[in-house]
Amino acid sequence: MRKILVTGGAGFIGSAVVRHIIRNTRDAVVNVDKLTYAGNLESLTEVADNPRYAFEQVDICDRAELDRVFAQYRPDAVMHLAAESHVDRSIGSAGEFIQTNIVGTFNLLEAARAYWQQMPSEQHEAFRFHHISTDEVYGDLGGTDDLFTETAPYAPSSPYSASKASSDHLVRAWLRTYGLPTIVTNCSNNYGPYHFPEKLIPLMILNALDGKPLPVYGDGMQIRDWLFVEDHARALYQVVTEGVVGETYNIGGHNEKANIEVVKTICALLEELAPEKPAGVARYEDLITFVQDRPGHDVRYAVDAAKIRRDLGWLPLETFESGLRKTVQWYLDNKTWWQNVLNGSYRLERLGTGK
């Protein structure tokens, strides 16, 4: 049985990883999360009482607390997902992204290195530091049909992607300089249950159910590759347990869709699954409202996931159609979860005008 320290385990992808490990493996999890606005322990209700699960409310920028957690739990691996991740928010509040994504990653690397250096030789050899990143570090594919491979040059476009690119470089440098056994993964856009409603898909679902406008940036033709979060969680666990030290693995869903197509598909699913509409709404699609594009908005991201398929045998199980249907149905069935989220300070709107 491994003990895996997961940072950001109360976030969207992190909670999916924690649920996957507790539900489908014999490994134990130590969840380290600061619990910012997007961290939600209600996403972990099913594992909260499991003896293989522990939670520590710790900020990765707090080195002393990280040292305590490593000493107390003595993990066999780290899966680093703690990050500020919303592009729109990074445009207006870049400092938070620099602090968490760069300084926080540095602190975690140093705490992990100090812990790793004093491990017994057998555990020392088996230890892994898995850094979870994004395809946005590669920049924009523009109008081409190309895919980002693991060797694509970095060209981040936003404060968010620049901060993640910086953290990727730190992780690789700690392997090359100090020998810390690191692995990096870069993923495409995730979606699925428990997604915080500032992101495109849950925002559209909840606004539509409330009869509010569905704000779409620019002409809506920006293309993203969509990855169901539970498929991603499987891939991440496979990488931390089977991946090769020093390697990078791109993880994608092979589901390229224009944003406007995604929104229209959500509307069509809601017509079927939630036909009783809010007052004054004839069709959900009538709520679509085009708004000013955000600064530096990338036209297209898409990753080539051939390497992880070839080397580790991972494939996504969900198509975009099956995954989106499951997601819409989950939000319809879990009103209490998202109402509790919305009762906080968050308001359903698109951010990122830079004003």
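Every residue gets a Cβ built from N, Cα and C, even glycine.
Here is what Swiss-Prot records for this protein:
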type	residues	note
ACT_SITE	D135	active site, proton donor
ACT_SITE	E136	active site, proton acceptor
ACT_SITE	Y160	active site, proton acceptor
BINDING	12-13, 33-36, 59-60, 81-85, T100, 160-164, N190	NAD(+) binding site
BINDING	S85, T134, N189, 199-200, 215-217, R224, N259, 293-297	substrate binding site
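Here the Cα atom of H297 (substrate binding site) is found 11 Å from that of E136 (active site, proton acceptor). Comparing CA positions across the recorded positions K34, A82, D135, S161, K164, the one lying closest to N189 (substrate binding site) turns out to be D135. Between the C-alpha atoms of K34 (NAD(+) binding site) and Y160 (active site, proton acceptor), the distance comes to 18 Å. With the fewest other C-beta atoms within 10 Å around its C-beta, N189 stands out among the binding-site residues S85, S161, N189.
Closest to D59 (NAD(+) binding site) by Cα-Cα distance, out of the recorded positions E136, L200, V216, R224, is E136.
When secondary structure is read from DSSP and collapsed to three states, H297 (substrate binding site) falls in the coil class. DSSP assigns K164 (NAD(+) binding site) to a helical segment in the three-state reduction.
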